[in-house]
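Encoded as structure tokens, the structure appears first; notes follow it.
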Amino acid sequence: MTVITRFAPSPTGTLHVGNLRTALHNWLFARRHGGRFLLRIDDTDGARSEERFVEAIRADLAWMGLTPDAEERQSARFDRYEARLAQLVADGRVYPAYETAQELELKRKVLLGRGLPPVYDRAALALSDADRAALEAEGLRPHWRFKLDHEAAIAWDDLVRGPQRFEAKLLSDPVVRRADGSWLYLLPSVIDDIDMGVTHVVRGEDHVSNTATQIQMFDALSGAVPAFAHEALLTGAEGKLSKRLGSLGIDHFRAAGIEPEALIALLARLGTSDPVEPFADPAPLVAAFDFARFGRAPARFDEAELAQLNARIVHQLGHDRVADRLPAGIDATGWEAIRPNLNTVAEAADWWAVVEGPISAPPVADEDRSFLGQARTVAETLDWSADPWRALTDALKATTDRKGKALFLPLRRALTGRDHGPDMAALLPLIGKDRALARLEAG
Ligand code: GLU
């Protein structure tokens, strides 16, 4: 069996971190099993779907490196949904209903008031042909409900949540098509999953009760019921379902200097019993991906954790991965010198400005003045092609009584204008003789 997963966003907005996590897990699982990962654009809602969001979804997946093996679009498949619906109507599994939203609301309130579950009473099933004709003559158009089999137990072994059981008679027959002809999500999704051979449906736990009704739709359409993995939702760092998470998307992460590898490394493991580790390559994440590792508790998404992970990943990125984002002049040697000090790739520009200058060094303390003068004299005669920092500091150790911080800090300050930064042995050759002499002179 070839594993086929699908990520099925509705293009009514941009993807947020929860959606990105779902997309990633679909991708990881498909890769893990040598399967296929589909992107399905759920654009049945013509009024709310927008082409710019479809493009944004594609771009976000591309940025993450989650390339779909194929793309499908629900709006291209209305004829297919029509045909399958007609068959369900002929089979008596879908029926027309005419209640208005207000009538349904009233029925709900009455049931709730009596302490009963607000399950649709199937009054529409009792209508005769004449009743329906009369309603239609009044100008009413039906919406369509899927008739659940109340006798069948609905059960599945969820890959994340374990055994699940639902009583069909406690569920309302779901509306699958509105009176205006538009489709609700439930049935088209099942038709697609059957036609596209989807073997594993991976989505958020907010879909668990949809799954209960969809399993009966798979059966009614004689489709193989896929396996399901319903994942616990993400919460914000403060532990609550946060509104902010719902608006955090790729634009935000890019602007914050987050690398796709960091987002992947975090989202692949968040909510699992495995440690989050700074993988710059997804291969080990693919190899170890397993829904059994996921817990049922909400997973906590912490931007501070992401930023730390990002820094550890930036420290591993090769020059070729970042070259197009670096200021001109930073070659592989320059990048490797600066890289260990970065939180984000963009910060390389700050260190490159230190290399190229001009820098504004803090005023030299009186007691360092003659020491820096000596340093300048040594620097002038050094062999700059070898390891000038080593040669400079060895010479100064031998000719002054300074060592440790008293030796290094005044040099670092004069040469870079800062107290901290990349390893001076790597930085000094980049600063080079002329600039170094001028900076030591300025002191
Ligand atoms: N379009 C649905 C959603 O975004 C898809 C759910 C599913 O994966 O079946 O919630």
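Along the chain as shown, residues are numbered 1 onward.
Backbone N, Cα and C atoms are what each Cβ position is placed from, and that goes for glycine too.
What TrEMBL records for 3-293 is domain 'Glutamyl/glutaminyl-tRNA synthetase class Ib catalytic'. Summarising the annotation, TrEMBL assigns motif ''HIGH' region' to 9-19. What TrEMBL records for 240-244 is motif ''KMSKS' region'. Per TrEMBL, ATP binding site is recorded for K243. Annotated domain 'Aminoacyl-tRNA synthetase class I anticodon-binding' per TrEMBL: 364-442, in sequence order.
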Taken over the domain 'Aminoacyl-tRNA synthetase class I anticodon-binding' (364-442), the model's mean pLDDT: 94
Helix, strand and coil totals (DSSP H, G, I; E, B; other) for the domain 'Aminoacyl-tRNA synthetase class I anticodon-binding' (364-442): 60 helix, 0 strand, 19 coil
Composition by DSSP (helix, strand, coil) of residues within the motif ''HIGH' region' (9-19): 3 helix, 0 strand, 8 coil
